[in-house]
């Protein structure tokens, strides 16, 4: 959520930055109109409360019963007016908040202008689009031939966009998750194991609601929601708390399965495991002071890149343009790995600084020094990495002509020393 003070003091600047992301500035005028109503109502409530206090004092000094009763009646009338104004104020505040929750974050000045992902800028690349000395097979062919991905039984169990990992495939999935977590511990993160379901308020705090409601799974009876990413529970880990500056920065890493309805157009990524309703992801999350946040973003990016580097996968890093920037983000890097079987770069990490956007929603604050007024934290999040696209890249880059798949060296200790998944 944006800072109402910024909207009040610099409405034209807020409109200009929103326009870079294609957002109509009329929403700013709407917020300001509600804000004017709110401030007027607050003034009227306070004025009447002051009048009521004056009348109350006068009643105590009155001796004439008729005059005293008239003042009591006047005080009751003021009380009724205050109650009515309070109801109006609550309604206006709710309307203003509803509008503000729909407004995206403002892009950082470094973010390039653009319409969609075609305008994203490659800022770093390590490795080339690997060409194998034999016809590269896509992961779904490799997986079915080796018996490590079972699409038919996944559909039987849960419907389309679900699959089963079996044998060495399931073991590879578990190995990648464990290795990623261990790498991030080495990089200075603390592991957190969160619930995989959350309250609705937690989704509002992270910015998933209201925008992405139709993409989320919810249990109607309990009112709990399945997490679409570990970012959601991690955002609210310290909600409504005031941290000491000495506790910051806080770096967390968490593994969760992720659940998304993700309505896809027919024919798009229909084969394989690239897009599914359930997938695994290891998430990095940072709580930092405002002066640390852009240095923290560079660390987040480096830590995600290191995952691809140690796995021996060709990768590149893109700076997202305004047209492809996420709802809550001010600046985002995407890390993509090359997959020769499908012949495309696959996004395995998206590293974003959201500044105080989530902190305002979740009421995440810190005290800069003892006795100082609490301020909002900045938060950052990044995949480290997302599966199954990492699995796709491993399978397709490490495939052999005989259909077997070599295990990257860093993963072998996590697979009991296994070096190859063979027919």
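In case you wondered, yes, glycine gets a Cβ from its N, Cα and C as well.
Model, not experiment: these values are computed from the prediction.
What Swiss-Prot records for this protein:
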type	residues	note
BINDING	229, 230, 231, 283, 383	L-serine binding site
BINDING	260, 261, 262, 347, 348, 349, 350	ATP binding site
Between residue 383 (L-serine binding site) and residue 349 (ATP binding site), the C-alpha gap once rounded to whole angstrom: 5
C-alpha spacing of residue 230 (L-serine binding site) relative to residue 260 (ATP binding site), in angstrom: 13
Among 229, 230, 231, which are recorded as binding-site residues, the nearest neighbour of residue 261 (ATP binding site) by Cα: 229
For residue 347 (ATP binding site): intrachain residues, at least 6 apart, with Cβ closer than 8 Å: 334, 335, 336, 386, 389
Residue 348 (ATP binding site) and residue 283 (L-serine binding site), Cα-Cα, nearest whole angstrom: 11
Extra residues within 8 Å (Cβ to Cβ centroid of 229, 230, 231, 283, 383), L-serine: 232, 234, 254, 256, 258, 281, 282, 284, 285, 381, 382
Proximal but sequence-remote residues of the same chain as residue 349 (ATP binding site) (Cβ under 8 Å, at least 6 apart): 304, 307, 308, 333, 334, 335, 382, 383, 384, 385, 386
